[in-house]
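First up is the structure itself, then whatever we jot down about it.
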Amino acid sequence: MMSKKNSSQTRPGQIRRRRPKPQAPAQTPQKEARQSKLLRFLPTVLIPHGVAVLLVIILAVASLMFTNSSMVNLSATIAQLWLSLNLGAVAGSGEVISVLPTLPGFIFLWAIAARIHRAVKDRVSIADLGVLAALVLGIPLALTAIAAFMLFDASSVLNVEVPPITRLLRVMLFHLSALFLGMGPRLWQALARRYGAPEWLIDAITQAFRFLIAFGTVSLVSVLVMTAINHSAFTATMQGYDDSASVVALIVLSILYLPNMMIFAMGNLIGSPLYFGDASISVFSVHSVPLPPLPILAALPSEAPSWAVALLVIPAIIATWVCVRNPMRLAVNTTAAVISALCFLVLAVFAGGTLGVYNYVGLNLLASVGLVFVYFALVGLLIAGIDKLRNPVEVKSVKAVPVVEPEPEEVEEDEEEDVEEEVDEEEEEVEEAVEEVEEDDAEDPEENPDEEESDEEIEPETEAEETNDGSEAEDR
């Protein structure tokens, strides 16, 4: 019998295997890459939104404390301030206000665009852009939904309402604009090169932005000049308030509405009417109604002088300056005119909207878009035509070299001669090869017998295989 020590079950060479512990499944490379992209771009979008939410909360608390209001209004105030910052809309008492001050919103848009540009200016992939776009649109959409829920919850206690969904869509347009601006021209050029789009399309976008920036600057100056001219109306608005705090608040509110007035002035200078409820203001005629007590509205004229029509040349001069300083082809300038019209449409949508009992306040959108396109397209066409006349394209004349074609009979004779020459050359080569072989045989007479013997040595092997049927091999 074998002892337990010597049994085969306890041999020293045998190692008892342990069952491996179950491990968590490893993450796939795609999931890890997605998480890394998310961690990379999440701070880019989250930081400006976090700072904005913090400032909104501070401003809401300060405003409630300053006005001695109850803190019950805090949640509704935070929600309305967030929607105002994103140029959405606020509602209450059955009225909707979407004509909101655009200066804070444009500063917020610039901050988001700057963060996006800093994140994508060096190197970025298509997947990175997808993640970034999802974050840029997803985070504000979630915050806007939370704000709407806060207003809905407070509507049972306070006199507030959730704005219409069509007004809240401006929040998405707002952040899409930030994404578009933040990507920058270099990234757009790379995308155009990747997907086969013409690169001059980016030049057209840049040309359109040059025109809008220059036009906006001139319009802002015109607003300030008109405010200075109508300074009596500006000061009369503030005389109805005794305390200095209200006067300061009106001045601050006027500054916040300054970009709105700039956009309205751009529309007036290009020939589009501005509607303020039942009022209509343009360079051709003015029909006024009592306006809200806001000092910056002193920039709106109370009448249209006869010389006001001459202001229509201002956008034409600006477009000419842009096209001459940055000459482009006709196709580029025409595309720039389309892009200018679309961008101005976005600006007009942000600046205008509904203002309580006044209903619609803002520019005539269709007229504004059409006039911006017509101005820039006509000026671009004229500049391109003048440039073509000044620098015509020189076409070098190429002298034609006469080619003499031979007659058919001569061609046939030449072909026959070529064939005969080729045949003669081949015969000569064959004769030379035969002569060389004969000379070799004459010079080496001993090599031929060896070759015959070698042939014979091969032949017997073949004959021996054939005589395996019983014939005598000795005779052979």
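Glycine residues also receive a Cβ, built from the backbone N, Cα and C atoms like all the rest.
A TrEMBL annotation is a machine prediction, not a hand-curated record.
Here's what TrEMBL has on this protein:
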{"type": "COMPBIAS", "residues": "1-12", "note": "compositional bias 'Polar residues'"}
{"type": "COMPBIAS", "residues": "406-476", "note": "compositional bias 'Acidic residues'"}
{"type": "REGION", "residues": "1-32", "note": "region 'Disordered'"}
{"type": "REGION", "residues": "404-476", "note": "region 'Disordered'"}
{"type": "TRANSMEM", "residues": "41-67", "note": "transmembrane segment"}
{"type": "TRANSMEM", "residues": "87-114", "note": "transmembrane segment"}
{"type": "TRANSMEM", "residues": "126-152", "note": "transmembrane segment"}
{"type": "TRANSMEM", "residues": "172-188", "note": "transmembrane segment"}
{"type": "TRANSMEM", "residues": "209-229", "note": "transmembrane segment"}
{"type": "TRANSMEM", "residues": "249-269", "note": "transmembrane segment"}
{"type": "TRANSMEM", "residues": "281-300", "note": "transmembrane segment"}
{"type": "TRANSMEM", "residues": "306-324", "note": "transmembrane segment"}
{"type": "TRANSMEM", "residues": "336-359", "note": "transmembrane segment"}
{"type": "TRANSMEM", "residues": "365-386", "note": "transmembrane segment"}
Seminar exercise, completed: For the transmembrane segment (336-359), out of 87-114, 172-188, 249-269, 306-324, most C-beta pairs under 8 A are with 87-114
For this session: Quick one: find which recorded stretch in 172-188, 281-300, 306-324 has the most Cβ pairs under 8 Å with the transmembrane segment (249-269).
Result: 281-300
Seminar exercise, completed: Listed stretches 87-114, 172-188, 281-300, 306-324 vs the transmembrane segment (126-152), most Cβ pairs under 8 Å: range 172-188
Problem set entry | For the transmembrane segment (306-324), sequence-distant contacts whose Cβ falls under 8 Å of one of its Cβ atoms, 6 or more beyond its ends | 207, 210-211, 214-215, 218, 268-271, 283-284, 333, 372, 375-376, 379-380, 383
